[in-house]
Amino acid sequence: SKTISKCYVQVTGMTCASCVANIERNLRREDGIHSILVALMAGKAEVRYNPAVIHPAAIAELIRELGFGATVMENCGEGDGILELVVRGMTCASCVHKIESTLMKTNGVLYCSVALATNKAHIKYDPEAIGPRDVIQVIKDLGFTTSLVKKDRSASHLDHKQEIRQWKRSFVVSLVFCIPVMGLMIYMMVMDSQLSDAHAHHNMSSEEMEALHSSMVLEYQLLPGLSVMNFLSFLLCVPVQVFGGWHFYIQASRALRHNTANMDVLVVLATSIAFLYSFVILLVAMAERARVNPVTFFDTPPMLFVFISLGRWLEHVAKGKTSEALARLISLQATEATIVTLGPDNVLLSEEQVDVELVQRGDIVKVVPGGKFPVDGRVIEGHSMVDESLITGEAMPVTKKPGSTVIAGSINQNGSLLISATHVGADTTLSQIVQLVEEAQTSKAPIQQFADKLSGYFVPFIVAVSVVTLFAWIIIGFVDFEIVEKYFLGYNKSISAAEVIIRFAFQASITVLCIACPCSLGLA
């Protein structure tokens, strides 16, 4: 008897089913090649050959001559089937041992582990020698009931609805409170420029100046040191800080717990410090009964939250779109298959309905008119038209006759077909597409990895810079007060120099923090 070896060849440059047919047809003619199976999506050919006549490198060379790229894959474990089962009726460790030892003795089972606590069995097998149904039968013969671990077909893990909702809510809340704050700010700016114009034309008497100052409704003091402007800003800022920033706070605390600093930490730091500083300054001003209203940063948190939550919201909407397409793809898979047993002259002896996961390579599957093909395969008997638009996009049905290949998920139209399964489970074209899309979603673009790495250093760096700013200005102020006086306009002459310096230093360092937050890196 000839020994038959098996090797896998990675094939690149295949574009469609005719490439697959071309490779299979040409290689079958070669001496020493027993059979060949090519999977288009996985870009992989499984070749069974006679090592006495031909070796894998020569097989790859044959494929190259047809105009494709081909390399022999070293790890042949690729072909192992993996099976997850729920086993009921185990009572003790000896049951576990009984199942494991019996399975390991079975030809074709490579590895087996049974967990008593979870009632689960994990089995690796060689699809050439044995299939999932045989394994299940072995366990049943031992007197246990067993079934497949049900796969989640709904693809609910790909659903971004909840995140979309939460970021949308956070954006809307921030926006509602941000618009009035921005309005107040713009009004103040306009009034300030009018004031400075008035200052520029020194022809106004001091009484008129006073009148103009007090006519600014927003500068009117409700309590000494508490102007209408600051009070309104404070009221508008609180809900944003609490509702708009809720998710940021949660995520920032998680990040800090794991000793990492991400953009959320920076956002939370900047907004909290701006908010708390402004709040403390207000209290101090009220305690001092200051006549000049202090400069506050209540406008910062709402605007930051608006920009950043808008970014997050859009990001999740985009992710949701991809996932939706993926969920639709997954839903195209058939759930059951009708396996038939053929006698001599292709006479139907029996047929049974089984789960798609239980179909083995080489099984004969019957597909009725209007049914979906459960697995990729080759037609053995029957003629029909098949709608393959889900993979190829062509609207016209394709004629299938004995020898034609069929794709899982496509729909059989008018004739009944018998097909022999060639690719089952995770190897079907549809599963491969789903897997590729999932991988594309979970893997990061190189530039994104770089950005993530940078932002890890970026956050501590910014915090350090703002702290340096704080101390630098305090030192400058105590060494040479004139410089601070030059930049810190309109401070109240009634407060001490030390306090002026510290206030100014704080403003400078908060400005650094707040500007670093909505920077392009953070938003991107």
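Heads up, residue numbers simply count up from 1 along the chain you see.
Placement of Cβ uses the backbone N, Cα and C atoms for every residue, glycine included.
Annotated in TrEMBL:
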type	residues	note
DOMAIN	5-71	domain 'HMA'
DOMAIN	81-147	domain 'HMA'
TRANSMEM	171-190	transmembrane segment
TRANSMEM	222-244	transmembrane segment
TRANSMEM	265-287	transmembrane segment
TRANSMEM	457-479	transmembrane segment
TRANSMEM	500-523	transmembrane segment
* **Beyond the flanks of the transmembrane segment (171-190) by 6 or more, those residues with Cβ under 8 Å of it** => 218, 229, 232-233, 236-237, 239-240, 243-244, 298-299, 302-303, 305-306, 309-310, 312-313
* Using DSSP, how many residues of the domain 'HMA' (5-71) fall into helix, strand and coil, respectively? -> 22 helix, 24 strand, 21 coil
* What parts of the chain pack near the transmembrane segment (457-479), using Cβ distances under 8 Å and only residues at least 6 beyond its ends? -> 261-263, 265-266, 269, 497-498, 500-502, 504-506, 508-510, 512-513, 516, 521
* Structure fact -> Taking DSSP helix as H, G and I and strand as E and B, the domain 'HMA' (81-147) has 23 helix, 24 strand, 20 coil
